[in-house]
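Listed features, source Swiss-Prot:
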type	residues	note
DOMAIN	328-357	domain '4Fe-4S ferredoxin-type 1'
BINDING	337, 340, 343, 386	[4Fe-4S] cluster 1 binding site
BINDING	347, 376, 379, 382	[4Fe-4S] cluster 2 binding site
DOMAIN	368-396	domain '4Fe-4S ferredoxin-type 2'
């Protein structure tokens with residue numbers, strides 16, 4: 001796909017600790033880091049060579065974000081790359097650092113730093129699960145990647161196993177991807193390390209907790225992650241990016257994105273640069289804005305609607321779903337819950353959506369937490385079967401944010417209390433030291449006075465004795 005006239009790179013800055021490495025009117029090369037990396041932030045890299053046109057703080061497109069605008073020079077020049085031929089000659093710590101500095105994050109939607117995930121799995125995980133199961137219907141980006149780049153993905157798996165000392169790799173793939181399955185079987189040579197696991201096509205089979213249950217029969221406990229029970233899960237796109245970061249020395253600047261519509265007028269996979277405006281992406285594929293009703297980042301179930309087409313492709317954007325304009329408005333208003341219980345039957349993580357809905361309506365945050373609203377994977381299966389058209393996931397997301405804010409506020413109060421107690425203890429210790437020093441000073445002064453009196457008495461006694469001796473003579 002040709003380069004757009006502008007790239008929009010959004011950098012999340014929830015903690016206000018992002019430090020920029022570039023400034024306006026500065027020339028950059030493709031792969032050049034735009035921010036300094038730390039424990040909380042992986043770097044974002046320039047998707048092409050060009051000029052930093054503008055830097056906007058707290059932009060309107062996404063709240064709490066920094067927006068960097070790059071005008072390409074169409075030369076597409078890379079920075080100096082440092083490929084590694086034999087990764088086994090390097091220490092695991094060095095490889096993890098390269099993955100971190102290459103900006104690799106979870107490309108299945110989580111966007112959690114892959115370097116941290118690998119660090120957490122060392123001495124804890126015994127199995128690597130390669131997630132090639134599409135999270136939603138119609139999305140084919142993972143299948144496209146695994147079909148065309150399976151050899152590179154297998155190398156990426158070996159790199160992760162070298163770092164974490166994992167001895168088993170399970171490649172999870174859907175049963176309808178027959179060509180990809182046969183290609184994997186043909187290329188796998190180490191049968192003791194790699195095992196292919198064919199998953200039935202059932203939504204949402206690609207969710208990490210559902211996938212672990214399907215493959216192993218084990219359930220991830222509430223409030224825990226798959227690593228806690230010994231399974232490290234990576235999306236195929238993430239593993240592919242890890243391979244490119246180590247072997248090719250290339251940071252993450254592009255990804256495969258599925259473009260699809262509700263009427264199946266268009267469906268395809270494209271290599272898209274991070275930061276490409278969605279409006280340009282659609283127009284370059286001959287989609288007229290006048291025929292588009294809405295655009296979703298993601299699939300038809302879990303996709304999030306966007307109103308501003310100047311929004312850009314993010315690292316976690318695996319697909320764009322388009323709905324076309326219809327002659328009639330088919331929007332249906334929310335009705336009262338009839339307690340049918342259908343939502344509970346279809347929930348893949350065994351929650352009680354109906355009960356959570358009533359607790360949320362009554363603002364009973366204690367009960368929503370006890371009933372594991374934080375474990376909701378936001379698959380919207382409950383919404384699809386609800387006869388009252390209640391947007392349950394919308395309520396669950398709002399409740400998650402409320403619980404998150406409550407937790408942050410409680411932690412802030414705890415830290416304030418700890419700081420207050422520490423300060424009080426310090427002041428008490430200082431006062432005690434002052435009193436002890438004063439008492440010591442007074443004791444020394446008193447002892448000195450007593451010594452002076454004693455010396456005077458002894459001197460007088462001695463003089464009296466001398467005078468008595470003289471009088472006797």
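Note that Cβ sites are derived from N, Cα and C of the backbone, with glycine treated the same way.
Structural mapping of features recorded in Swiss-Prot.
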residue : record                          : DSSP (3 states)
337     : [4Fe-4S] cluster 1 binding site : coil
343     : [4Fe-4S] cluster 1 binding site : helix
376     : [4Fe-4S] cluster 2 binding site : coil
382     : [4Fe-4S] cluster 2 binding site : helix
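Residues 204, 207, 209-210, 368, 371-373, 375-377, 379, 381-382, 384-392, 395-396, 399 of the same chain, all 6+ positions outside the domain '4Fe-4S ferredoxin-type 1' (328-357), place their C-beta atoms under 8 angstroms from a C-beta of that stretch.
Geometry remark: residue 347 ([4Fe-4S] cluster 2 binding site) versus residue 386 ([4Fe-4S] cluster 1 binding site), CA distance 12 Å. Neighbour counts were taken as the number of other C-beta atoms within 10 angstroms of each residue's C-beta; across the binding-site residues 340, 347, 376, 379, the minimum falls on 340.
Per-residue pLDDT, averaged over the domain '4Fe-4S ferredoxin-type 2' (368-396), rounds to 93. Of 376, 379, 382, all annotated as binding-site residues, the residue with the shortest Cα distance to residue 337 ([4Fe-4S] cluster 1 binding site) is 382. Note: the [4Fe-4S] cluster 1 site is recorded as 337, 340, 343, 386; in the same chain, 338, 339, 341, 342, 353, 354, 357, 382, 385, 387, 388, 390, 392 also have Cβ atoms within 8 Å of that site's Cβ centroid.
Here the binding-site residues are 337, 343, 382, 386, and the one ringed by the most other CB atoms within 10 angstroms is 382. Nearest in space to residue 376 ([4Fe-4S] cluster 2 binding site), taking C-alpha to C-alpha distance over the binding-site residues 340, 343, 386, is 343. Each residue contributes its Cα atom, and for residue 379 ([4Fe-4S] cluster 2 binding site) and residue 340 ([4Fe-4S] cluster 1 binding site) those atoms are 19 Å apart.
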